[in-house]
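Student: Have a look at this one before I ask anything.
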Amino acid sequence: MVEMLLLTRILLVGFICALLVSSGLTCGPGRGIGKRRHPKKLTPLAYKQFIPNVAEKTLGASGRYEGKITRNSERFKELTPNYNPDIIFKDEENTGADRLMTQRCKDKLNALAISVMNQWPGVKLRVTEGWDEDGHHSEESLHYEGRAVDITTSDRDRSKYGMLARLAVEAGFDWVYYESKAHIHCSVKAENSVAAKSGGCFPGSATVHLEHGGTKLVKDLSPGDRVLAADADGRLLYSDFLTFLDRMDSSRKLFYVIETRQPRARLLLTAAHLLFVAPQHNQSEATGSTSGQALFASNVKPGQRVYVLGEGGQQLLPASVHSVSLREEASGAYAPLTAQGTILINRVLASCYAVIEEHSWAHWAFAPFRLAQGLLAALCPDGAIPTAATTTTGIHWYSRLLYRIGSWVLDGDALHPLGMVAPAS
């Protein structure tokens, strides 16, 4: 207990110091963490435009239809009423059905209501259609699941609808369509779909290389393990495993499958996790440099090159990505953190970080945590360091803290939309 209190105090002091230092480190040109953000210029959507520019029920938008919800179905408990006084519900059926929606839809709608009042003082958000129990929409409409709403402004000024659609995009709806001159259509992903795609993790079946030889499943890592990683220059080294930033035992997740041929490798990781990609210029020989860019797994494309452990196990080789696909696994999801901030998973070099597409920023943000771990290891005898964090299910508290701060100080588009599931409000 004393050690845990010491750890917490060290982390808090270190984190505060880091924030104070950031104001001095980010005053130069370019977008810095401590730099004041200017309001982003919003462009209204054009009539019949939809964002993202894919079909509504595809993976890149709101996802597939999962079945109609009725008042007698088991899934009816997934719907929650929205009594926000800043939203006007038309409720032409006079049943309150338009107020029922999924929690994700409710959260986005409430955020949009605030934006509408800020954009047009005296004007409120108006919902004309929400959950549909009467079959008035097309087959497999997301209205039947409480995942879609049709909206206008309270003054019904159609000249505002293009900007209303843009505000809906900014509020976080997964698909927004300027469907009709009379309304805007918005929809969201299913709750279980968001959870399955979110986070920055590897499957429990992934393996790491240990310092004393052999491999180990990532889910079995424990404090004291030293695993193969690489420094900023691509030199291989063994680094201490510190904790899991996220741990979901036996959960079902949707992973991106990155495959290479020369050398042959296959890595599974979630959309928001970072993977190092080599520079694009041609190289006839391996340079062993990791000076390439860290990209979200969802942004890696065939033809780009990732770093793979060579056959002799002595160096990293840039290997061309042969294919990128999606696969669902139920072996759990794990995000190991090493002192180096990198790790070789299934012989492929990856970052330990996710959510923000800046490996160096993320590694810097975890400096107070690494410092605390180092001090605690020096102050406590062997075996006395608390290990509960490595076995606790869910997202590490320090990661949650950084995510909250990042959401506050960074532009919304700097964070991966599937980086972390927002807690229900």
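Just so it is clear, glycine is given a Cβ too, placed from its N, Cα and C backbone atoms.
Quick caveat, the model's predicted, so the values are computed rather than measured.
As annotated by Swiss-Prot, Ca(2+) 2 binding site applies to Glu93, Glu129, Asp132, Asp134. The annotation Zn(2+) binding site is assigned in Swiss-Prot to His143, Asp150, His185 on the grounds of similarity to another entry. As annotated by Swiss-Prot, N-linked glycosylation site applies to Asn282, with the evidence given as sequence analysis. The feature N-palmitoyl cysteine is assigned by Swiss-Prot to Cys27, with similarity to another entry given as support. For Gly200, the entry in Swiss-Prot reads cholesterol glycine ester, with the evidence type similarity to another entry. Residues or ranges marked as motif 'Cardin-Weintraub' in Swiss-Prot (evidence: similarity to another entry): 35-41. The signal peptide annotation in Swiss-Prot covers 1-26 and is backed by similarity to another entry. The annotation site 'Involved in cholesterol transfer' is assigned in Swiss-Prot to Asp246 on the grounds of similarity to another entry.
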Student: Which of these binding-site residues has the least crowded Cβ, counting other Cβ atoms within 10 Å: Asp132, Asp134?
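Tutor: Among the binding-site residues Asp132, Asp134, the lowest count of other Cβ atoms within 10 Å belongs to Asp134.
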Student: Rounded to an integer, what is the Cα-Cα distance in Å between Asp150 (Zn(2+) binding site) and Glu129 (Ca(2+) 2 binding site)?
Tutor: 5
Student: Which three-state DSSP class does Asp134 (Ca(2+) 2 binding site) fall into?
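Tutor: SS state of Asp134 (Ca(2+) 2 binding site) = coil.
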Student: Just checking: which of His143, His185, Asp246 have a Cα that is within 10 Å of the Cα of Asp132 (Ca(2+) 2 binding site), counting only these recorded positions?
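Tutor: Neighbours among recorded positions, in sequence order: His143.
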Student: Does Glu129 (Ca(2+) 2 binding site) have same-chain partners at least 6 apart in sequence with Cβ under 8 Å from its own Cβ, and which are they?
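Tutor: Result: Lys90, Asp98, His137, His143, Ala148, Val149, Asp150, His183.
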Student: Averaged over the motif 'Cardin-Weintraub' (35-41), what pLDDT does the predicted model reach?
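Tutor: A mean pLDDT of 54 is what the model gives the motif 'Cardin-Weintraub' (35-41).
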Student: Starting from the Cβ centroid of Glu93, Glu129, Asp132, Asp134, which together make up the recorded Ca(2+) 2 site, report each further residue of the same chain whose Cβ lies within 8 Å of that point, ordered by sequence.
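Tutor: These residues sit around the Ca(2+) 2 site: Glu92, Ala97, Asp98, Gly130, Trp131, Glu133, His136, His137, His143.
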Student: Using the CB centroid of His143, Asp150, His185 as the Zn(2+) site centre, which other residues of the same chain sit with their CB within 8 A?
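Tutor: Sorted by sequence, the hits are Thr128, Glu129, Gly130, His137, Ser141, Leu142, Ala148, Val149, Glu179, His183, Cys186, Ser187.
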Student: Counting across all protein chains present, how many other Cβ atoms fall within 10 Å of the Cβ of His143 (Zn(2+) binding site)?
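Tutor: Excluding its own Cβ, the number within 10 Å is 24.
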